[in-house]
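Structure, as structure tokens:
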Amino acid sequence: MDVRRLKIPKTIAIFSHIKRPLTCVIYTASSDQISEPLQKTPLNKLNPSSERKQQKGLDLNLRKWVTSVLTNPPIDSLKIKDLLTHLTPQQFDAIFLEIHSSLKPLNALKFFHVASGSCGFSFSVRSYCTLLRLLVASNHDVPARLLLIRLIDGKLPALFDSPQQKHVEVAVKLAELSCVSDFGVAVRTFDLLLHLCCTQFKNVGFDAALDVFRSLASRGLYPTLKTCNFLLSSLVKENELWKSYEVFGVLKDGVKPDVYLFSTAINAFCKGGKVDEAKELFRKMENTGIVPNVVTYNNLIHGLCKNCNLEDAFLLKEEMILNGVNPSIVTYSMLINCLMKLEKFDEADCVLKEMSNKGLVPNEVLYNTIINGHCSAGDIQKALKVRDEMLKKGILPNSVTCNSLIKGFCKINQASQAEELLEEMLLHGLSVNPGSFSNVILVSCMNSRFAVALRFAKEMVLRCLRPNDGLLTTLISGLCKEGKHSEAVELWHMLQMKGLTANTVTSNALIHGLCEAGNVQEAVRLLKAMLESGVQIDSMTYNSLICAFCKEGNLDGAFMLREEMVKQGIAPDVSTYNVLLHGLGEKGKIDEALLLWDECRKKGLVCDIYTYGALINGLCKADKLEKGRDLFHEMLRQGLAPNLIVYNTLIGAFCRNGNVTEALKLRDDMRNRGILPNVVTYSSLIHGMSNIGLIEDAENLIDGMRKEGVPPDVVCYTALIGGFCKLGLMDKARSILQEMSSHDIQPNKITYTVIIDGYCQAGKVKEAKEYFAEMVQKGNTPDSVTYNVLTKGFLKEGEIEEAFSLLDHISHTGVCLDEVTYTSLVNLLPKRSASANQE
């Protein structure tokens, strides 16, 4: 395991690396002089006896030399360098272990510092552990701690057998040295090592601490009970629950647990949802004669409350009172919190009164618990009442209080109060949690207060808090629907600049909104920004843009986008083809649409109702009605149920073609399939019937619509009026117009143009002029069609001056007459001039 630690200031560095290689010299005990290097004598020239004597003498000399250097301050770096040329790490380890108890710890530390730092000497792990024990025994805890940190962190030249398990190797050597001298020192070194693993090396998890603990425990060695408690509580605090179960399982058999160890273990079991095990351990603790304290009871009560086991929790509270342990404010807070979550508000009030009777004053945490419970239940008035009581007791509401109240206001859709409270929190610098921002933004969006929602969303982003994806999508979609596209784009870029980039769904919502508003170029720029910032692009992104290009009639641009889509590795889906087919159909490019249809099927895409609908629409617009009907029947054979739009497309086409009989058959067919005709269906039928003179049938359809609950609109009435006008039945046309008004349906400029044309065709230009005046007076601006039919009416009745007067008026409107009407007026100019001359 690679163990890392936090940085240590340079001023307390102990050792540094050395690079000098070792050589061998002889030290004579009678002086500090260094003799010439030993002459190497071949082994076969030495007899065994003389070899042993020489080796013994050499070892004795080295021991005396090491002792002299370590016991005669000051530590001389030159002497150390000379000494180390004679020593191997193993030789020094044996000598140091033998003499360490007679040495001054700081002298030995200085020697290690010079030897490892200036000379690059690598000591054995046992030598370092021996030095560590020497420092601990003399209460030099700070240098001992720093030495151990640097040793485990790999900052010292040491001869480890397993560099990835330095902490374990150190533990093993300390365990082996525990029998050398005072065992109390050994236990203190165990404490130091475990404490370091739990604190200094916590950033790599608790594996190091657990490895050391296991290594010591397997040898029957344990740190002090205080350190055992620290290890166990550290594991529980960091949610390393399974490791805490293992540690406690070993400790309960290896040491004599106290109330603190049991309490921590009970807390671990409760935290892990093992409440039954916690209860069993609690009883076992009592059976061993260890009296539970308030923390023990609270830990178990907390576990029971977490499991919503209120009955056992209250029984345990009564038991602790009987055993002479007074419940604390924490005890009551846990019980009240559980009751509030279960919405047992009356019982919570009773517990609060009991607490007060025992002289315990509620603190802000308890008040916040009660307020939050009422807010979660949507009872904001009760929450505010508790807040007021809190103020009377001199306890000021904090950010937790305000966040709970904001949640309560939002829950009952009191958007303005939530917004006001959030503004107040920001003004006073209180900590606002992301949930409060999100709640206010959401409730503001629900009430179409998008400007407010945007302000708080920006405040979140400025604090580097990211609204969740769903909330961002809701907000950006809402801004687009309100026409605030620039604000939506600004928010998107703001998120990107803060590194909180919006996801694909949110970005697609913005592109869709821009396209719907016709701001296609801004949508294209956003697509480029998405690609540059690494936002995932999908088929929906491109489909929105392709649809927008098709609506603009820019089919070349739409197909170029499809090619770009393929280059990005995104395969066009059936929706892509549907949009393109619809675009080609609207442009009348039916041959190209049929080719695209074949391509879609060859790629194995399953055509849906929209694919068929787009192609049927194109065929109908291209006057290929029979092919449209054939495709409709093919769709039925494929098992696809036609929708209202497909039926209306075909009905409208047949009506325009004069084939009302086929249109009515389709109307009946759609009814049989459970699809009710709408106003578009009826307006097509009325128009078709009126065109072929079936005016009575058309009028009956108006009545039939109302019976079916489909109110006729201005289009239906205009079609019917047009039918009567064609037949010259102007009185009937006038009565239909009055019927419209009685149903509060206002005629539009097409309605007026149709009736003006009817009167002109009937030679009643006076009535036509009256309706023209009414049309203008009601705010319907005449267009070129209106002016043409009225001008032709004047010319037909020989009212030349009226025609030229109208022409003068038209010249100020910018509307153009058609060529035939204009030519007729020009041809009448000579007659008009002659008439003027005669006068």
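Backbone N, Cα and C atoms are what each Cβ position is placed from, and that goes for glycine too.
Curation does not apply to TrEMBL; its annotations are automatic.
Keep in mind the model is a prediction, meaning the values are calculated, not measured.
Straight from TrEMBL, the features:
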| type | residues | note |
| --- | --- | --- |
| REPEAT | 258-292 | repeat 'PPR' |
| REPEAT | 293-327 | repeat 'PPR' |
| REPEAT | 363-397 | repeat 'PPR' |
| REPEAT | 503-537 | repeat 'PPR' |
| REPEAT | 538-572 | repeat 'PPR' |
| REPEAT | 573-607 | repeat 'PPR' |
| REPEAT | 608-642 | repeat 'PPR' |
| REPEAT | 643-677 | repeat 'PPR' |
| REPEAT | 678-712 | repeat 'PPR' |
| REPEAT | 713-747 | repeat 'PPR' |
| REPEAT | 748-782 | repeat 'PPR' |
| REPEAT | 783-817 | repeat 'PPR' |
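Packing against the repeat 'PPR' (608-642) from elsewhere in the chain are residues 574-575, 577-578, 581-582, 584-586, 588-590, 593-594, 597, 600, 649-650, 652-654, 657, 670, 673, 675: each is 6 or more residues past its ends and has a CB under 8 Å from a CB in it. If one looks beyond the repeat 'PPR' (748-782) by at least 6 residues along the same chain, the residues whose Cβ comes under 8 Å of a Cβ in the stretch are 714, 717-718, 721-722, 724-726, 728, 730, 733-734, 737, 740, 789-790, 792-794, 796-797, 799, 802, 815. The repeat 'PPR' (573-607): residue composition by secondary structure is 26 helix, 0 strand, 9 coil, according to DSSP. Broken down with DSSP, the repeat 'PPR' (713-747) shows 26 helix, 0 strand, 9 coil. Helix first, then strand, then coil: DSSP counts for the repeat 'PPR' (538-572) stand at 26 helix, 0 strand, 9 coil.
Broken down with DSSP, the repeat 'PPR' (783-817) shows 25 helix, 0 strand, 10 coil. DSSP assignment over the repeat 'PPR' (258-292) gives 26 helix, 0 strand, 9 coil.
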